[in-house]
Amino acid sequence: MFAEIDPPQRLLMGPGPVNAYPRVLRAMSADLLGQFDPEMTGYMNETMALYRGVFQTQNRWTFVIDGTARAGIEAALVSLTEPGAKVLIVRSGRFGLLLTEICERLGADYVTVDADWGQVVPFDRIAQAARAHRPQVIAAIHGDTSTTMAQPLDSLGELCREIGALSYVDATATLGGMSVPVDAWGADIVTAGLQKCLGGPSGSAPITISDRAAEFIFARRHTEKGIRASDATDGNRARIGSNYFDLAMIMDYWSEKRLNHHTEATSMLYAARECARIALQEGLEARFARHELAGRAVVAGARAIGLAVYGDDAHRMTNVTGIFIPDAIDGETIRRRMREDFEIEIGTAFGPLAGKIWRIGAMGYNARKHKVLITLGALEGCLRAEGFAARSGVDAALEMYEASHA
Ligand SMILES: *Cc1c(COP(=O)(O)O)cnc(C)c1O
């Protein structure tokens, strides 16, 4: 017999997943309900209302997709992108590459507008590419955790309306930690996950969909016999190439019609609902400030230790920081020491940044003073143990907190 699951109490200070709020874990242990039980559909409706708050939107179609954040990305792209559709992808990191990979599978005719890793794409370059290529969809990542950069998206909606495109934004790493003002951006579909700044486990993907995107998606709905539904507005829309991620079917399931699709993942719904309740109870502004302060403290602490911080300071995500691994130090040895000696996990990096930077996250339940200070203290200890002349980072981070009276 294997032993009962009894994991060590690790402090997860990487780019996600992070430790869940205990309230979320408690909500997940509540009793199960049938999927059409009025209590259950009531919780589903409450979850829709709560995420309108979290996404700063009035969008009727705001709910969760069952699956990790990638399920939300895939549902959005498969539902928005017809085979052969022109898509413009804004890329400067690993998750931008993921959008490309999915669009390729969907048979989209995509073009990309790129920035080097560690930078963001200036908005005028996005506008230029959009006017040149006239895409039907513009897809972007808000915070790309692989590079720790936050892409400005303020004028995205305006640009899309000018050229008649719909937009998709992956805000997995920022929702609940940095402002994701869906309506102010005028974004059409925005998706996220729970395991970053929302402080839940992975496995549920909050999504919000504008009315005009919903109309487009419903026009791709076909009846069971393959005949176009009478409410389709466009005679020539291709059927959505996925059943599980068919947003028209999923919206019908979340509507008053409650048309059966999947079985809503009950315990994950409880988790998503509690994550949103916690976020709104704290208040979005207070929450953004808490993440911003934690991020500034990590940056100040790392620099005080004598480490260089990765990427463009002007566009840094507040909730995850890239830190260069010093020359004579093996990054994995430090990560192992952090885990074995201090029960702390920090992140590695991917692609061109593998072996070059660590990523330290301070997200959701973990974006707090003591967790930031403990992590910096452990990091300087591990660095000294490996022969690097680390100075104190804790003092600088503590000063940051004291100056802000947090
Ligand atoms: C972490 C992250 C994801 C993760 O997707 P999962 O399917 O939940 O692993 C997606 N996009 C971005 C920008 C992320 O930071």
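Cβ coordinates come from backbone N, Cα and C, glycine included.
In TrEMBL this protein carries:
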{"type": "BINDING", "residues": "Arg359", "note": "substrate binding site"}
{"type": "DOMAIN", "residues": "37-217", "note": "domain 'Aminotransferase class V'"}
{"type": "MOD_RES", "residues": "Lys196", "note": "N6-(pyridoxal phosphate)lysine"}
- Task: State which of the following recorded positions has the fewest other Cβ atoms within 10 Å around its Cβ: Lys196, Arg359.
- Result: Arg359
- Determine, from DSSP, whether the residue listed as 'N6-(pyridoxal phosphate)lysine' sits in helix, strand or coil. coil
- Residue pair Arg359 (substrate binding site), Lys196 (N6-(pyridoxal phosphate)lysine) - Cα distance, angstrom, rounded: 13
